[in-house]
Each structure stands twice: as C-alpha cells, then as structure tokens.
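Colleague: Not my notes, these are from TrEMBL:
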COMPBIAS  235-245  compositional bias 'Acidic residues'
COMPBIAS  246-257  compositional bias 'Basic and acidic residues'
COMPBIAS  321-340  compositional bias 'Low complexity'
DOMAIN    35-131  domain 'PH'
DOMAIN    152-212  domain 'FYVE-type'
REGION    219-284  region 'Disordered'
REGION    318-340  region 'Disordered'
Amino acid sequence: MVDRLVNSEANARRIATVENCFGANGQPLAIPGRVLVGEGVVTKMCRKKPKTRQFYLFNDILVYGNIVMDKKKFNKQHIIPLEEVKLENLEDDGILKNGWLIRTPTKSFAVYAATATEKTEWMVHINKCVEELLKKTGKKPSLEHAAVWIPDAEASICMHCRKTQFTVINRRHHCRKCGAVVCNPCSSKKFLLPAQSSKPLRVCLSCYDTLTKARANRGDLPVKPVEKPVNQDSSGEDDSEDEVEEAGKADVEDPVKGMDNLSIDEKPTFYGDSAEPATDTNHPTACDAGNYTSSCDSSACDVGNYTSTCNSSSCDAGNYSSVCDTSSSVDTTTTTTSYE
C-alpha cells in the first residue's frame, strides 16, 4: 500500500516534521523502510475524562501524544508496535459515537473519531498496516491484550467489595488485569504481568486469586520479568499519562459531558491513498475564487479568468468549474479552450 513512499523525499520530510513536533523528549522515528501512512486528531478516553490526542500511523508503529500547541508541539510520546495491535469496534452509545478499541498486550484504550467516515478510515488503514506487517515479518497476532480501564466516573463505589465510597481520601485504583475501579484494600496485592511491566502491578483481589491459582495449577515458577523494548514508550512504564497529570485531583468528570466540550475540526490525512509521486514534483491543485494556492510554477487564477498552463488544474472561480485536457492560452475577454 505504501511501498512507493518508502524512499520519497516527501515521506522523509513528514517524518522529520513529526520528530521536531515532539522535540528532544521524543524517540527518533526516521529509520529505513518506515513510512508515515496517516495522521490526525482523535479523542482518547482517559481515566478521568476524554482528551484529544495527536495520532500518527506509520507502517510499523502507531504514535500518539498530548497536544501542547496545535500542529506545532506535542509531548508525552507513546509508541505502539503495530504487530501487537488489535482493533475492536465500539457501538454508538448516546453521545459516545464513532469509537473503537485499540488493544495491545501493554495497554488498551478507547478512541473516538469526529465522524463515522473518519472512524472507518482510521480502522481500515490501521488494520491494513497490521496485516501487511504481520505478513512481512511472519509473526502471529498477539492473543493476550491488556484490559481497557473503566473510566473513574463510571464507579462511585468499589467494584470489588461494593461498599467503599470513593472520596478525596479513599482514592480510586485500577486493576491492571481486568480494568475495574477498586479501593485500596481491594487492590492491595500485586502480580507480575510480564506483557505490561517488568515489575509486579496492582491487581484486584479476585484477579490475584485467579492468577495465583492458575500459576499453581500449571506448576509454573514465578515468571521472569521481560525487558520492555526501547522504542515502545518514551514516557515510561506507567500505563497512563493521566495518573501523572491528574494525581491528587479529586474531581472526576462525566466522560459523556466531556465529549460535549471536545470538537475536532480537521480531517485526518492518509498519504498512501493519493496518487502521490515517490519524489517531490509540482502538482496542479484546485483553487477558490481569488485564492490561488497551487504549487505549480505557471498557474494563476482570478475570478472568471483562468490562465493556467497545467494540464489538469481545476478551478472553482466564477464560471469555470471543469478540468482542462490540454494547455491553453487565454486572453482577458475570450476563452478559446474547450473543456469537458
């Protein structure tokens, strides 16, 4: 799908731009064979509220980060190997529309696009990249994935004991195995989940019992910690940037209300779809009345006066709305070119 873009100057320039946006705290992204397939803003359902995140889809990884300055600066870079990714559709639920789950062994979460069309575009392109990568590497899809965390707002009491009321003092915690929101006493145990961390993680008492019994029945010894790949996540092993951002805050926003306050005006861009040349060339583009934005050297457009020499430029200005088949010469009074 994107092989023709591998060695293109346009692809190299785009990747360099992404690296610059993340700055010195981001991981280097330019490696041989890597292609930036698409980019755009989606809404990620975080533990306390939904937040907009900048996403970049490459042919081998999925990168996202916090938006510090629109189109110019991002931080808290996260890198997910595509070979570990599995997507699951989410049915619309009230205002929560156009969503899907991104599941990986390390972390799983829900994201939402602005429209159903954009959701389809994202899912199709991600699945296509995953399929092509697995075929190329000969690897099998991941069978085990981390649980999706239940948003804080969906639990006013502990989901394990059903008694503890969450307050400023009685804080919410998440079981790393099932994603449930639980109180401190009900999540006092830790268990090593090698896919998620090299250290034992907090789990609820139910999951701890299940995991312990399963290990005993198999006769397994404690699992040796697994080193996390260097390029997996430049923000550290903690599975949620929101724990850092929201630490100490008692307020929990209703995620449904939070979606009301978020708007995504720009559509995502997918570079592998267009008939884009492998190297930089001048392209004739469409222009609106009085506003010419084409990169062609010899095109120009004014209201009602089309004077381009490009073979396939189009213009919506005035009475001109068709595509030229061949170059033409035009004076200010009479157009001699025939248009189809």
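Quick reminder: no glycine exception, Cβ is built from N, Cα and C everywhere.
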Colleague: Averaged across the domain 'PH' (35-131), what pLDDT does the model get? Just tell me the whole number, please.
Modeller: 93
Colleague: When DSSP states are grouped into helix, strand and coil, how many residues of the domain 'FYVE-type' (152-212) land in each?
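Modeller: The counts are 14 helix, 12 strand, 35 coil.
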